[in-house]
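According to TrEMBL, the protein carries these features:
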type	residues	note
ACT_SITE	181	active site, nucleophile
ACT_SITE	303	active site, charge relay system
ACT_SITE	336	active site, charge relay system
DOMAIN	48-106	domain 'Partial AB-hydrolase lipase'
SIGNAL	1-22	signal peptide
């Protein structure tokens, strides 16, 4: 517990559902799962296909979580100039229906992963369980229903601590963390593939019920993004969107319906008692964030996933936070995806973020 807490230097939240990941237990750690692995030579991996093609050095790593998921982690240790890094490691965490490609799909001058490397940071790119590059387990197969029995509770309890501990063990340095987003059970599914037939029918039915124009589904669900190059969207869509657990979507919908940030609700008091020892799932206490812990929160006025009212709930919980340890940046024109694919995100978001890193 202590080693993990001190290894985090600061947290950056680009859209703020990930605030939950930033504070939920970093104490379910068992270091025997987190020993270093050899660098992997994966010809079809992110390093070969997305990073080295842009002229960067890249390493493929693996991390095994305490509950047995084998996760992919890429490292960009130096920028294009090949100078040694002189700044701390930065762990980048993608959101739902995404993977580490989130940070690489724009040009090197517009993608946060490359920008940080070129500015001297040691960049680590996480891929959570269930995504294309993190689809293995020590005993389960993705065809097993049990493989998909998780929501972001487990992403916070197991995946994030495993990534943080691994990077800390590998570098011996405190870490900056930047996260984006995180952010049907009745269908009988355990895996939800966003471009599958079921997903297409689900989206079509939803559009019909709500009487929405669904010609632009990204805008429908994430808000009207102002600053994304259409060619970037094409590149992103060429890579099959990663699946997530249906349970994960159910968990997110529970929070939307109840207006609370809580652990997964198993649907009846008996099962909740079995899992939590109480009839209702425990709430996450965001006021438990240490007042002196450095936080950079950026959100968009057009974002429909992490909208302004939702962000204000978090900010209210942080009202006693040390004023010199909290930066809040609102971009009125930004929607959800602009934060990671906007052509001007470098100037609007990333430059202020790196200024924050320098003083924390």
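Just so you know, the numbers here start at 1 and follow the chain as drawn.
Every residue, even glycine, has its Cβ placed from backbone N, Cα and C.
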Helix, strand and coil residues within the domain 'Partial AB-hydrolase lipase' (48-106) as assigned by DSSP: 11 helix, 19 strand, 29 coil
Densest Cβ neighbourhood among 303, 336 (active-site residues), 10 Å radius: 336
Distance [Cα-Cα, Å, rounded] between residue 303 (active site, charge relay system) and residue 336 (active site, charge relay system): 5
